[in-house]
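See structure below.
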Amino acid sequence: MPKEYKNEYQPLLAKATKDRRRPKLPNKSLLLAVCAAGIGGTFQYGYNISVINAPTAYVQDFINQTWSKRYQTQISDDGLTLLWSTIVSIFTLGGLTGAMIGGTLSVRVGRKGTLLTNNIFAFLAALLMGLSYPTGLFELLIIGRFISGLNAGISICVQPLYLGEIAPTSLRGAMGMGTSIFITGGIFTGQVIGLRELLGKEEYWPILLSTTCIPAFLQLLILPWFPESPRYLLIDKGDEEGCKKALKQLHGIADCDGEREDIEKERNNLSGLQAKKPWELFADRSLRWQVLTIILLNAAQQLNGINAIYFYAGYVFKQSGIPTDKIPYATVGTGACECITALTCGMLIDCLGRKVLIMGGYTLMAICCILFTLTLTFQEASPVVPYLSMVCVFAFILSFGLGPGGVTNILTTELFTQNSRPAAYMLAGSVNWSSFFFIGLVFPFIVLGLKQYCFLVFLVICCLVIIYIFLVVPETKNKTFLEIQNEFQSSKKRQIGCSDGAGTILLSTSI
C-alpha cells in the first residue's frame, strides 16, 4: 500500500480500534460462562469462609462429647480451643497449597479443565465433613476443611485467569468482577443457610458443612457446555480452529475477529517463550514493578482492616441495642452489603477505570478507620455514638467492595501477558493466603494490645497503598495486555516519581 494511502487510512483504523474497545453489552453466552465458572469457583471460597461460623457451638459440643467417649475424660478448654482453631484455620493452609498448584494445573490441563477437575476436592471435602458426626471422628472435619481450602485456593487462582482471558478488552473489568461477585455471593449464601430457620439448628450441622458439594455439582453440570479460554487454546496449545470457535461462541460472530487479532499479536510477541515459573518472575527485570504491585496489593487486601471490621461487627451491633439472638441477621446484612457493592463495582469499573476505583476504595477505608477509632473511643459518650459505629462498619465494607475487594484480582490478570500470568496468580494467591493466615494469627494480639486503636495501623497501610497506586500503577481500562506491559516497561514508569503514561511505546503497534 502506498505511504500516502496508509497515512490516510490510519485515523480510520485507530477509530475502528477505539470503537471496538468501547464497552458494550456482553454476549449471553459470555455471561453464562462467567456464572458457570463462578458457581463452583470463588463462590466456594466465600461460602466455606462464612458457613463455618454458624455451627461453632455445635461442633465444639461434638468434639467435647467425642473426646469424653474416647478417653473417658473431659477435654480442657485450651485443648478444645486449639482443635476448633485448627478446624477453622486449616482452611487457610489448604488455600495456600491450592494457590501454589493452581497455576501449574491451569497450564497443563487448561483453565476450564482445572476448574472442572477441582470439583473432586469439593466432593471429597463434603463427604468427609458429612461423615464426621456419624463416625465420631472430629479428625475428618480437619481433613475436610483442609481439602475445601485446597479447592478454594485453586478456584481463586484459576477462575480470575479464565474470566480475564475469555472476556473482550472492553468488558474485561466487568467480567473479571465475577470473581468478587461470586465470593461475596458465597459469603452471603453461607450466612443465610446458617440461620436457625434453615440449616442452623444443632441436628443439621453435618448437612450444613456438606452443602459445599452443591455448587460443585452445578458447575459440573453447566461449565462443560462452554469453551476453554481462547488465549490458552491459541497461545499455549496452538489450536487456531478451537480458538476461533471459542471466540464465536463467547463474543458472537461480529466481534470475534478483533479479539483474535489481539491474541495473535500477543502470540507473536511471545513466540518461543515458555510459561514462566513463579520464581522466574523475580529474575525478569522487565516484570519487577508488576511483581511488586501484585505482592503489595494482595497483601494489603488482607491487611487493610476488613477482618478487623468483621471482628468488631458483633460488638458494635450489640452496643447499638440489637439483641444477641438477632445479631446473625445483622451479620447477613453485611454480606448483602458486600454483594451489592461488588455488583455496583462491576457496572462502574469499565467506565471509571481500575485506578480510580481502587484508590477511591482505599481512601474511603482510610477515612472510615479514623471515624471508627473515634466512635469506638467515645462509645459511652452519647447514645448516638454506637449507631455511628454501625454506620462506619457498613461504610468500610462498602468501600472495600467498591475498590480493593474487586479490582485487585483484575489487576493481577491485566499486568501480565500469557506466559507469565499463571505464575503471577500462583504468587498473588500465595501472598494473599499467607497474609490471611498471618492476620488471623496476629490480629487477636493486636486487638489485645491496641484495642480500638488497631485501626490506626490499618489507616497507615491504606494510606501507603494509595500513594503506591498513585505513583506506580497505570490505568489499564480498555488496553490490551501488550499495551499494559509496555506502559510498565517505558522509561517514565520506571521512575516512581512519575505517574502519567506519556511516552509509552507500544510493541503491539509494530507487530
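Backbone N, Cα and C define each Cβ position, glycine as well.
All annotation found in TrEMBL is predicted automatically rather than curated by experts.
Listed in TrEMBL for this protein:
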type     : residues : note
DOMAIN   : 34-477   : domain 'Major facilitator superfamily (MFS) profile'
TRANSMEM : 30-47    : transmembrane segment
TRANSMEM : 82-103   : transmembrane segment
TRANSMEM : 115-134  : transmembrane segment
TRANSMEM : 140-162  : transmembrane segment
TRANSMEM : 174-193  : transmembrane segment
TRANSMEM : 205-226  : transmembrane segment
TRANSMEM : 291-315  : transmembrane segment
TRANSMEM : 327-349  : transmembrane segment
TRANSMEM : 356-378  : transmembrane segment
TRANSMEM : 384-411  : transmembrane segment
TRANSMEM : 423-447  : transmembrane segment
TRANSMEM : 453-473  : transmembrane segment
The transmembrane segment (423-447) versus listed stretches 30-47, 205-226, 291-315, 453-473: most Cβ pairs under 8 Å: 291-315
Stretch-level contact, the transmembrane segment (140-162) and the transmembrane segment (356-378), CB cutoff 8 A, at least 3 pairs: no
Recorded stretches the transmembrane segment (291-315) and the transmembrane segment (205-226) touching, at least 3 CB pairs under 8 Å: no
For the transmembrane segment (174-193): best-contacting stretch of 115-134, 205-226, 327-349, 356-378, by Cβ pairs under 8 Å: 327-349
Selected stretch (most C-beta pairs under 8 A with the transmembrane segment (327-349)) from 115-134, 205-226, 356-378, 384-411, 453-473: 384-411
Intrachain neighbours beyond the transmembrane segment (356-378), with Cβ under 8 angstroms and 6 or more residues off its ends: 297, 300, 304-305, 309, 312, 345, 348-349, 385-386, 388-389, 392-393, 395-396, 398-408, 411, 451-453, 455-456, 458-459, 462-463, 465-466, 469-470, 475
Residue numbers, six or more beyond the limits of the transmembrane segment (205-226), whose CB comes under 8 Å of its CB atoms: 29, 32-33, 35-37, 39-41, 43-44, 47-48, 51-52, 54-55, 58-59, 62, 112, 115-116, 119, 122-123, 125-127, 129-130, 132-134, 141, 144, 148, 151, 186, 193-194, 199, 249-250
